[in-house]
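Down below is the structure, laid out as structure tokens.
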Amino acid sequence: MANRTVKDAHSIHGTNPQYLVEKIIRTRIYESKYWKEECFGLTAELVVDKAMELRFVGGVYGGNIKPTPFLCLTLKMLQIQPEKDIIVEFIKNEDFKYVRMLGALYMRLTGTAIDCYKYLEPLYNDYRKIKSQNRNGEFELMHVDEFIDELLHSERVCDIILPRLQKRYVLEEAEQLEPRVSALEEDMDDVESSEEEEEEDEKLERVPSPDHRRRSYRDLDKPRRSPTLRYRRSRSRSPRRRSRSPKRRSPSPRRERHRSKSPRRHRSRSRDRRHRSRSKSPGHHRSHRHRSHSKSPERSKKSHKKSRRGNE
């Protein structure tokens with residue numbers, strides 16, 4: 001029959017694996033449409049295809065207690081009892097989150113306390129969102145790590161009573177389980193180590209090397225340079241100045257006025273030079289004396305006439 005457990009199935013927690021689900025809920029599952037149409041004749045390989053089609057998790061819902069496909073596949077896995085390696089691959093699957101949730105619930109129902117902590121605690125680092133259907137048939141939003149936390153600490157998940165789980169600290173004291181290290185602690189350790197490395201690098205940069213000390217030594221006998229030459233202020237060019245930098249500045253008209261010599265001044269200077277050159281030459285003195293003392297005949301006639309008129 002379709003509702004019987006396989007012959008070579010092992011008892012779990014001293015009982016038939018299907019009996020881990022309550023009889024009322026188990027009966028509702030056997031009578032559901034999904035169980036009769038989709039779960040008939042399924043094997044461990046075919047369960048994977050059905051698990052990939054899941055879109056939400058949940059137990060039973062509605063007034064007449066209808067089971068969800070997630071709950072039906074859970075009971076089917078208890079019935080066929082797949083190998084542990086297949087369940088571990090379900091849990092490690094990162095592409096399909098509902099396949100992972102199905103494997104986690106089955107591991108919690110059938111696995112030992114050590115296996116539950118070993119395979120389920122790493123899923124605390126999965127923060128993906130999943131849909132959950134409540135008793136009223138409404139969908140709620142939750143995360144993968146919340147679902148894992150309920151599996152490890154709650155008594156009932158998806159309307160299934162979970163087996164008792166041994167406390168973690170008891171297993172740690174018995175040295176059967178190592179203390180759990182969360183991903184947050186690992187990140188904090190990485191941050192602290194990186195900060196320590198940065199501080200060490202800064203200290204090494206602050207400590208001057210012997211070469212630097214030799215360079216910084218100053219001879220007291222040598223005269224000290226003026227601070228203006230040493231600490232020369234660099235002019236910061238504005239964008240406007242940068243644009244004008246390739247072109248050379250034209251001299252201001254005021255400077256040009258001082259530099260340029262006026263023609264009048266130039267003439268006077270040239271005359272002085274000529275006069276000096278003539279005064280130095282001996283011929284110039286003679287000609288000058290001759291011009292100053294000797295009179296022309298016309299000029300002498302005019303002076304003679306003027307003297308005559310004065311006498312008359």
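Glycine too: its Cβ is placed from the backbone N, Cα and C atoms.
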Swiss-Prot annotation, phosphoserine - which of S209, S250: S209
Local confidence of the region 'N-terminal protein interaction domain' (1-179) - pLDDT mean: 91
Neighbourhood of S11 (phosphoserine) by C-beta distance under 8 A, where only residues 6 or more apart in the same chain count: P17
Neighbouring C-beta atoms (10 Å sphere around the C-beta of S194 (phosphoserine)): 10
C-beta crowding around S193 (phosphoserine), within 10 angstroms: 10
